[in-house]
């Protein structure tokens, strides 16, 4: 019975209030009086941050409250009824809009109910999915922070007619749903009074600044870490043997892999002049790999210098073969890297034995050498007689000796020239190997410092 009585009074109150009410005019008794509208924003969820188009999509709860001078009643006359819920389109509503809206849909606000109190206070809570323009600075992507503004104000009423008042010093974040990509570090609210060039009247607005911090773990594991690993793989191309034929292929493959990651970053970022931090890292790494590939080609030409090449210059022998080879632990070509000294000692010992035998042969008596010559003469004469059927004739062995000595000298010269050419090629190969090791460590240091620099930006 009590509820039916309240429903009866609610119908009676509604009919009496809206009998001569018009929602087209500003509800003030004096037209020169300012109507104060209190605004409060509650951020519920960040739906999307489109960096490429610079649009922030957010789910908001917008609360507006004001006093209507024509919607008041004495609650005692209506059995203590102090508030009613009615459709919002029945009452006058302030035309508060989002100034920096970036949505193609210009539909009307959601027609939710308003709460009308006996003293004329109207509270209107309406949910809204807003798309606002946001200036995105991607200079430190993926370790960047963004500040997006949400500016609310009346579209037609100036500050002398409708004035905006902040309900709180910041937006309400108590019901915010955590986002997987962004962290919220605050949402301060500031009231601004601006005089535009078209009009002399002031226009107040309330600007909510949404401070966002990007969660960079996703981009570290999917964009940054693969690039760092590939970058450390590139200097190993200098360690590959030149005869393998894979030195240039490795550099080109790494360069193509980094190009794919660079294109992925370019698809996410807006086409602006500000190159993101990870983009700068990619460009620096690609430049380094291009330089390493070019140096590899030059060093391979040094490695394959043959007998036609000029000898290694004296300064190169001193600087590269004497000093740099010891610094970078580069041994002679064909020398075992694990036990070079032992093999050198073995070679010296064998050379000493051969030299002793040669010296022993050299100190033999002239008589024994003359006996050998006589024996050689007899053998040659015998062979000559057998071959041509000449018996008892003396053959001029001096001409045979001269021909034999000339042939031996020719063979010795060929062997000597071959050894000299081979030694020249070995020297150029060692120069190429030393330069490979030198550039390998140089590029390793460059990659390390670039990686430390970009990780330091994250901290």
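Including glycine, each Cβ sits where the backbone N, Cα and C put it.
Fair warning: this is a prediction, and the values are worked out from it, not measured in the lab.
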Tell me which range among 281-302, 303-324, 325-346, 347-368 TrEMBL lists as transmembrane segment. 281-302
Scan 218-242, 393-417 against TrEMBL and say which stretch is down as transmembrane segment. 218-242
Same-chain residues near the transmembrane segment (218-242), Cβ under 8 Å, at least 6 residues beyond its ends: 141-142, 181, 248, 250-251, 254, 257-258, 261, 264-265, 278, 281-282, 285, 288-289, 292-293, 295-296, 299-300, 303-304, 429, 432-433, 436-437, 439-441, 443-444, 447, 450-451, 454, 458
